[in-house]
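Below you'll find the structure, written out as structure tokens, and then a few comments.
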Amino acid sequence: MNNPKIVDATASSTLPTQEEYFAKRQLKQGAVGWLLLVGLGVAYVISGDFAGWNFGLAQGGWGGMFIATVVVAVMYLCMCLSMSEMATMLPTAGGGYSFARTAFGPFGGYLTGTAILIEYSIAPAAIACFIGAYCESLFGVGGWIIYLVCYLVFMGIHLKGAGEALKIIFVITAIAAVALLVFIIAMIPHFNSANLFNIAVSDKAGASAFLPMGYLGIWAAVPYAIWFFLAVEGVPLAAEEAKDPTRSLPRGLIGSMLILAAFALLILFLGAGAAGANQLKDSGAPLVDALVAVYGEHTRLAGFVNFVGLAGLIASFFSIIYAYSRQIFALSRAGY
């Protein structure tokens, strides 16, 4: 039979060692306020407002894409509300990994953390390719040299500190948000509800002008509706560096989610309503093509949105590098 006194003595002798270990491996606390967390949440996602979402119009028509966007928005809002509650109880850099480890143990935490790490390490590589293509079209320079510069510059800024990095992310995100606002305002005078339903009606079950691809078109549009919100769940990765995380994390998550939902609905309504859903469903740059369709080939508005769209890509690239650096830190600190 175990001696309780011996067990208690062992536990008390190891506890200070664990506390000392984690005390030496903590991130700088109080460097990030709730407003920067809102900017971080929007930065994760904002590149998806410039392109990608519109392919859902080809899959489900405007009605299918609209329903899919509402469903995905509700799903992400519920997830953000749950994560904000968990993040206030476990304000560490692990984010979803920390939640899974607490619920399912070390192995469950490891699987979750690895999955998150894969997402956040592959995404910047894909975005870097888009940045390279953008730079080549705008400035005539692209390829590996742009990829290398992106990683060197933005990783170097991150090494300066979380506060400095997130302030720069906030500024870049604000520039990209201005481009979205310019697009939204420019589309308002040309909105015509008939343009939302100009995709040819198919012969699939439930097909109509509102759902030209039928009921299953809603399901097919869901992956593209996710572009409006994907990666906002990375905000809790900044929990350890947040000022008063019990208050700032819920504000950051919910605030960024509301901004993203507003952008999603306005772009979906006004972009397709002004230029036509059929004209945007296969576009590689739907915002630019919408402005060209409404204002002509050489409009300065299209040039401005096209140029500033690069800021949206940079904001997402920059913020996701921040996310995977915190995930790697949390996993390595735990000894994986």
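Backbone N, Cα and C atoms are what each Cβ position is placed from, and that goes for glycine too.
The feature domain 'Amino acid permease/ SLC12A' is assigned by TrEMBL to 48-335.
Only residues 6 or more beyond the boundaries of the transmembrane segment (34-55), in the same chain, are considered here, and those with a CB under 8 A from a CB of the stretch are 65, 127, 130, 163, 166-167, 169-170, 172-174, 176-177, 180, 224-225, 227-232, 234-235, 238, 242-243, 247-249, 251-253, 255-257, 259-260, 263-264, 267-268, 271, 280-287, 309, 312-313, 315-320, 322-323. According to TrEMBL, the transmembrane segment annotation covers 34-55 (among others).
The transmembrane segment feature in TrEMBL is assigned to 61-81 (among others).
The transmembrane segment feature in TrEMBL is assigned to 107-133 (among others). Nonlocal intrachain contacts for the transmembrane segment (107-133), taken as residues 6+ away from its ends with a CB within less than 8 angstroms of a stretch CB, comprise 47, 94-101, 142-144, 146-147, 150-151, 231, 234, 310, 313-314, 316-317, 320-321, 323-324, 327-328, 330-331, 334, 336.
If you look up TrEMBL, you'll see 139-157 (among others) marked as transmembrane segment.
Marked as transmembrane segment by TrEMBL: 169-189 (among others). For the transmembrane segment (169-189), the residues of the chain that approach it from at least six positions outside its boundaries are 35-36, 39-40, 42-43, 46-47, 49-50, 263, 266-267, 270-271, 273-275, 287, 290-291, 294-295, 301, 304-305, 308-309, 311-312, 314-315, 318-319, 322, judged by C-beta separation under 8 angstroms.
Look at TrEMBL and you will find 209-232 (among others) tagged as transmembrane segment.
Annotated transmembrane segment per TrEMBL: 253-277 (among others), in sequence order.
Feature annotation from TrEMBL assigns transmembrane segment to 301-324 (among others).
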Overall pLDDT of the domain 'Amino acid permease/ SLC12A' (48-335), taken as the mean
88
How about the transmembrane segment (301-324) and the transmembrane segment (61-81): at least 3 CB pairs under 8 Å, pairs 6 or more apart in sequence, or not?
no
Look over the recorded stretches 61-81, 139-157, 253-277 and say which has the most C-beta pairs under 8 A to the transmembrane segment (209-232).
61-81
What residues in the same chain, six or more past the boundaries of the transmembrane segment (61-81), come closer than 8 Å to it by Cβ-Cβ distance?
53, 196-197, 199, 208-213, 217-222, 224-226, 228-229, 232-233, 235, 253-254, 257, 261, 264-265, 268, 272, 277
